[in-house]
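Q: Features from TrEMBL:
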- 65: active site, phosphoserine intermediate (ACT_SITE)
- 65, 275, 277, 279: Mg(2+) binding site (BINDING)
- 52-88: domain 'Alpha-D-phosphohexomutase alpha/beta/alpha' (DOMAIN)
- 107-167: domain 'Alpha-D-phosphohexomutase alpha/beta/alpha' (DOMAIN)
- 182-282: domain 'Phosphoacetylglucosamine mutase AMG1' (DOMAIN)
- 296-434: domain 'Phosphoacetylglucosamine mutase AMG1' (DOMAIN)
């Protein structure tokens, strides 16, 4: 077949180092960027096959998130903006590790196993972060897509959640939103502005937020988004990539692990940090006595779920809301949610895909890992109930106002994946509506003492 001749020819330009073995995990492939060229080409091939199989657009994101700048990585995005299925994670590993001469056989095995119609058209969206290696690596992905006759759309520099969003918009024929970066800003910012209209007497000080962009793609995109916010949120951007190194002494992972503010930020006020690809967020401040306070994913989930529960009560809508955590969650947050707020709490295995799956079992599922990665999922039935009440001409004012607030909340949330920009806008809107300071939010419950450490273990060979 001519297609496979093209794959053979192109793969010679992206050779696999003999003996190199890599595993597709929760975060896709991640390692030193110099070892990834062949992986990127092959993920372009795999995304094209996945598109032919699902008859839908698939995403490929080139990023290594909070890893050091010299690393890079890649992850595939399924049709509704979710992570690729475990079976296809297995195919990714098989294809990545096939030696150069076995690549075609590995490709044909997948085609046969999945009974893929190779004449089916394929569409792949590709995005990349700001690492210096990302340009050439995303080009390798595009080469892989072209080699199997797929059509590609190169979004260039985007956050990981933005690419997930684009894929979902495309596959819902625009029902979820417009599959452009501008469409993303418009949808989220308009919903944010609508929400903050419900905040009484918000001063300029209360509208001010310091954002640590981790010297990554998130900083770039916050700058782009600012004009859409129409001065409803005043952002001071630090670690914007103009001078510092990506994720070096900055970013959500650094702040969470070190329990310290990042370089160059005045943490005496309300601050937040994104990670390198802007899918995680943590908040923090330093009090008048110089004590650092971290508000991580658990505090975020608590703020959001209590806000949603109050709105559901005001709207008089009977929907089951749950918070999904992992074993990393602070015990105080679990106790507060279950005992004080009477919210269902589920514990899922570590890894975003496990939390996302568990959250889908409820009308409204709020999931956050302690590291700040998370979002809120609304079932179709929940969205429909909320829409009906918002449009009900005879509903009383309080119920209708709560339903309209819920609708705007749904629109500010990126339901496809954890999204630092979307989560930031939601948190800022909730604090404004409730007239809450970050200190008051922090005081909802007191964290049990905790420390996250990386322990290097010396491995002795048994040979």
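Keep in mind that glycine also has a Cβ here, set from the backbone N, Cα and C atoms.
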Q: Does residue 279 (Mg(2+) binding site) have same-chain partners at least 6 apart in sequence with Cβ under 8 Å from its own Cβ, and which are they?
A: 65, 159, 160, 161, 373, 417, 418, 419, 420
Q: How does the domain 'Phosphoacetylglucosamine mutase AMG1' (182-282) divide up by DSSP, counting helix, then strand, then coil residues?
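A: Grouping H, G, I as helix and E, B as strand yields 35 helix, 16 strand, 50 coil.
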Q: With Cβ-Cβ distances below 8 Å as the criterion, list the same-chain residues six or more beyond the ends of the domain 'Alpha-D-phosphohexomutase alpha/beta/alpha' (52-88) that contact it, or say none.
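A: Sequence-distant neighbours of the domain 'Alpha-D-phosphohexomutase alpha/beta/alpha' (52-88): 26-33, 36, 39-40, 43-44, 46, 114, 116-118, 120-129, 131-134, 137-138, 141, 145, 160, 163-168, 170-172, 176, 214, 217, 245-248, 251-253, 275-277, 279-280, 352-353, 356, 415-417.
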Q: For the domain 'Phosphoacetylglucosamine mutase AMG1' (296-434), what are the DSSP-based totals of helix, strand and coil residues?
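A: DSSP classes over the domain 'Phosphoacetylglucosamine mutase AMG1' (296-434) add up to 79 helix, 19 strand, 41 coil.
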Q: What average pLDDT does the predicted model assign to the domain 'Alpha-D-phosphohexomutase alpha/beta/alpha' (107-167)?
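A: Taking every residue in the domain 'Alpha-D-phosphohexomutase alpha/beta/alpha' (107-167) and averaging pLDDT yields 97.
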Q: Including all protein chains shown, what's the count of other C-beta atoms within 10 A of the C-beta of residue 275 (Mg(2+) binding site)?
A: 32
Q: Reported in the order helix, strand, coil, what are the DSSP residue counts of the domain 'Alpha-D-phosphohexomutase alpha/beta/alpha' (52-88)?
A: 6 helix, 14 strand, 17 coil
Q: Of all the recorded positions given, 65, 277, which residue's CB has the most CB neighbours within 10 A?
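A: Checking each of 65, 277, the winner is 277.
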Q: Within the same chain, and leaving aside 65, 275, 277, 279, name every residue whose CB is within 8 angstroms of the centroid of the CB atoms belonging to the recorded Mg(2+) site, in sequence order.
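A: Filtered neighbour residues, in order: 63, 66, 159, 160, 216, 218, 252, 274, 276, 278, 280, 373, 420.
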